[in-house]
Structures are given as C-alpha cells and as structure tokens.
Amino acid sequence: MSEAVAFLLQGGFDAVFSPLYWLLDLWSVLMSWLAGATGLKLLQYEFMHRAILVGLCIGVMAPLIGTFLVHRQLALIGDALAHTAFAGVAVGLFLNAVIDLGVSPYLTAVIVAMLAALLIELISEATDAYNDVSMAIVLSTGFALGTTLISINAGGLTVSVEQYLFGNLSTVTTQAAAILLVLFAIIIAVVAVTRNQLLYVTFDETAAAVSGLSVSWYNRIMVMLTALVVVGAMQIMGVILVAAMLVVPVAGATQVSRSFSEALLVSVVLAELSVILGIAVAFYAGATAGGVVVLVAVAIYALAVIAGKLQTVIGETARPKMDSIDAEATEQPGD
Amino acid sequence: MSADSDAEPTSGSPSSVRTPLIEIDNVDFGYTATPVVRDISLRIDAGEYVAVVGPNGSGKSTLMELMLGLLEPDQGTAQLFGEPAHKFDDGSRIGYVAQHASASKEMPITVREVVKMGRFPHVGFGRLSDSDWDIVDRALDTVGMSAFADRRVTQLSGGQRQRAFIARALAGEADLLVLDEPTVGVDAESVEAFYKLLESLNDEGITILLIEHDLAAVTDHADRVVCLNGEVYFDGPTEEFVDSDALARTFGAVTTTPGDAT
C-alpha cells in the first residue's frame, strides 16, 4: 500500500521535474565547458555544478526576502523557521524509514516550515505583536521535535543528519536541486507580482492599511516565502546558519545604499559574492561551506560599514535647498 | 463651502456627490472596559474642511482610526464612502498623513520612492506609467522637496520627512485627505504655507479632515470644528466655535490659548 503511494508520488515528481533535470544537465554541460576553459578544479565535479547553482539561487532569493524582513525588525524569524524546517526534515526521514515513502526530506521540510510560518503569523496577529517569546517557543519546539523523531528512529537511519544541520556541498542531489529551482521560481514570481504591496507594508504598515491593502495577508505571504527560502538555502547553509543569508547581506547593503531598489540590488550582489567566494574557499580548504560563506558575508558586511561611514563623511558637503510649499501649484484634476 | 446636511441617506453609488464621505453613527470604542470615545455621531460631506481638536488622550486619533476603518467600533457604525469603514479598500480615494509617521526609521529609501507609494493604490500590481511619475514629481514640487527627491529619507529632518509624507498623500490624488497632526516638527514658516496648500486643495473640491492640537491653525483655516474629549463637545462652523465656551469645557481648567502657534 505505502509502496504504491510512494510509487505514485515518485512518478508525479519525476513528471514535474523532468524539464528541471534537463535544465540541470544543461547547466552541468556549461560548467564543464567553463572548467575546460579555465582549468579550475572546482568546476570539474558534477556535484559542484549543482552546489554552485544552488548557491547562486540562494544568493538571489535570501537577500530578496531578507530585505523585507530586516526592515520590519523580523531578522530572527528566519532562524525560527529554519529550526522548524529541521523538524520537517526529521518527519521526512521518519516517514521514509517507517512506511518507505521515498520522499525527499526537503519536501516535508517545506510543508512543516510553511505551517510553522503561518502559526507564528497567526500568533502575532492574535497578540498584536511579533513577540520574541512566541518565536523562541516555535524555534525550540521545532528543534526538539526534530531531535526526538531522529533519536527514536536512529536505528533505521542511513542518512546522517549532519548534512541538514551544517549543510554540505557534496550531498546536493539532483532531486534536491530541482526542488530548489521550483522554490526559487515561486519566490521570484510572488515577489515580482507583489513588490509594490510588500514595499508599502514593510515601510509603513498603517498607511498601507489605509490604502486598502490587507496587511495581514501580505504578512502571511511574507513569512511563507521566508519558509521557502529557508528550506531552499538549508542544503548548503545548514539549519543553524541559514538565517545569516537573510540578514547579513541586507545589513551590509543598508549601510551603503540610498534607495530601496539600490539596497535590493546591492544585497544580492553582496550575497552572491559571499556565496561564490565562500564555496570556493570551502572547496579548496576542505571546510564546511555554510560556515565559510557566512564568515565571508560578515567580512563583507564589515567592509560595507566602513564604506558607509566614508560615504557620509564625503557626501556631507552637498546641501540642497528646500523650496517653500507652493499652495498654487496643485493641479489635480477638478472634481 | 460647507455642504448641506439634508442630503439623502447613504447607500447608492459611492461616487455620488451626495453620499457622505464619512458617517459615524453612535459609535463607542474602548481598548479596555473604559471607553476611549463614547456615543459619537459625525457626518462629513464632500468638499468640507473639518478639523477635529481636543486635548491629549481625548480620542482624536482613535476616532480617526475608526473613520478610516483601522479599528472597528464596539458599538454603532462607521461608514466610509457609503461602505462599512473596515471593509472599504479603494485606497485611491483616501490620502493619509500620519502623526510622526508610523514608517520604518532605518530603511534605505529615497524621498521619491516614498512619494511613489501614493500611486500604488492606482497601479495595483502593475508598474507606474510616465504619467504616474509626472504626478509624483509634481507632488514633490508642490511641497518644495524636488531637490531632495533622491535623498535617503532617514537623513532628513523631521519637518522634511513630514513634507515627503504630505507629498505621498498628494500623489494619491484622493477625494479625501486625512491628516493626523501633520505639521508636528515642521518649521513655523512652512506650517503657514502648508495650511494655505490645504485650503487651495479644498477649493478644488477635495475634502479635508484634519486632526490637530494647534488650535490657532484650526481656527484660521478650517470651516468646521469638531471638539472632542471622549465625546463630542462641539460640532459646528469655526466662527461659532471661537465665540463659544466649548474650548474651556473640553480642555477643562488647563486651557491652551488660541494663537500660541509653536
């Protein structure tokens, strides 16, 4: 019975993912060509091709969502969701061991993290504030559930949980990479469509509500997207460090940017730099990628702080003149 | 300027000039058991220039939030453009300037990007067209902030920031402007110019609802005054308000003299 379910699920996924597998193959060919052209050892392995692709996607989606979170003082929600995603991974491993479902633990992680995201949002709506206590409770519940399920199941487990906790470049399977591409597409599409609304709600919640936006719905969308990013980024970054990618590049970009669009762009550039440098260093030094990526990101953040300070010192000279309020200049169409 | 109050009652199409823009009927509201506002009935018609005054804690802002549908009354009804206020979602008809803006304080965003948000209710999920951008730039020009268009909002003074938010409300090209102590932090000279601007907007048919504690500004500019302290103490033309003792009754012993504009 359960094998039939597993078979159906597997077949369904394969049908959905086959174009993605083709895309991954194409990417691999491109990378191999690049490896031949540059002679970089880093680009010669197929698992590195996938890892780099996943890293590049993380470098776009994490700061993109992080920008909307950081400016609402929600920097830690990523951390909370990552720990519940770990519970999701444990559920997946558990189900696979018990009923042989054959589903990627990342898929169960997506589901559990999204439910947790909704829960956090609903709690905050009911109590009228994002309080760090409820966030801490969700975080520890998630992690506790994860460790419990895994310990119960320890005998039957063939997969090490270390790759989920700390991330791993070499364990990014084609299926996991395909899942990430789907998450990536969803996140980019939703942000592209609702960018105006997300910006308004992030900047000025009250004015956004007056202008007819359903603030709670956009908040729910935001936390669910965060859950997707967290699960997507977990493969390389690991549960414990994934939140850093949501926060650190955004904090760096805030130091040097003037406009919101500039801040978005700069945060993506900083994140990509951290990911590429981090993966390269991790590969040659034989270190865990997640840790190195975050260290690079923090170093870049420190540079951005210095650059921001210099910018204010240098830019202080220009003082534009403020015009008077012009009562006659109103040219609104007459009613 | 003051619209007649014998218009036909609500319902009907919201665009009808006769429908009151705001209608509050026997509204009670309290965050706890103690009510903040009690038994308030108010009606604001298209084209009016109404000021709500009252001491701190008199429920001015609460009343405004009820009118805008940000809060739901415990009792009674609040209607906006003929619809229950909390269900009304046509943001393009309302411009809103908050007291000391609720907005994020550290976010990197330029003045022009803030004013741009005024167009969001008009464009929805789409992009701003060239004419939308023209309206944004005109609004910046109107409040004298064109030179600051590309400045980061966090680097502005309080008064400059407030001007940016006023420009955002103007860019919305709304029928109704709601302003909650909009001139807090704005320099005295600009305050005068700002009230002139409101007057000329009102002359063009835009309804103005002003929540103020600066009584001088109110008595000089508004056509109608609503004096509030938990309940409505006075509601009528400004001249009558100046002559009446409503002020003393509302504010109790500690009276703020009209004329001490700061």
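Sequential numbering from 1, following the chain as shown.
Cβ coordinates come from backbone N, Cα and C, glycine included.
TrEMBL lists A:52-74 (among others) with the feature transmembrane segment. When Cβ-Cβ distances below 8 Å are used as the criterion, the transmembrane segment (A:52-74) is approached by residues 24, 27, 31, 43, 130, 172, 176-177, 180-181, 183-184, 187-188, 191, 198-199, 202-203, 222, 225-226, 229, 232-233, 235-237, 245-247, 249-251, 253-254, 263-264, 267-268, 270-272, 274-276, 278-279, 289, 293 of the same chain, each at least six residues removed from its ends.
Residues or ranges marked as transmembrane segment by TrEMBL: A:80-99 (among others).
Feature annotation from TrEMBL assigns transmembrane segment to A:106-124 (among others).
What TrEMBL records for A:136-160 (among others) is transmembrane segment.
Remote same-chain residues near the transmembrane segment (A:172-193) are listed as 13, 16-17, 20-21, 23-24, 47, 50-51, 53-54, 57, 60-61, 64-65, 104, 106-107, 110, 221, 225, 228-229, 231-232, 235-236 (criterion: CB distance under 8 Å, separation of at least six residues from the stretch ends). Marked as transmembrane segment by TrEMBL: A:172-193 (among others).
Annotation source TrEMBL lists transmembrane segment at A:221-251 (among others).
Feature annotation from TrEMBL assigns transmembrane segment to A:263-285 (among others). Sequence-distant neighbours of the transmembrane segment (A:263-285) (same chain, 6+ residues past either end, Cβ-Cβ under 8 Å): 42, 48, 51-52, 55-56, 58-60, 62-64, 66-67, 169, 236, 245, 248-250, 252-254, 256-257, 291-297, 300-301, 304.
Sequence-distant contacts of the transmembrane segment (A:291-310) (same chain, at least 6 residues past either end, Cβ-Cβ under 8 Å): 55, 166, 236-237, 241, 244-245, 248-249, 251-253, 255-256, 270-271, 273-275, 277-279, 281-282, 285. According to TrEMBL, the transmembrane segment annotation covers A:291-310 (among others).
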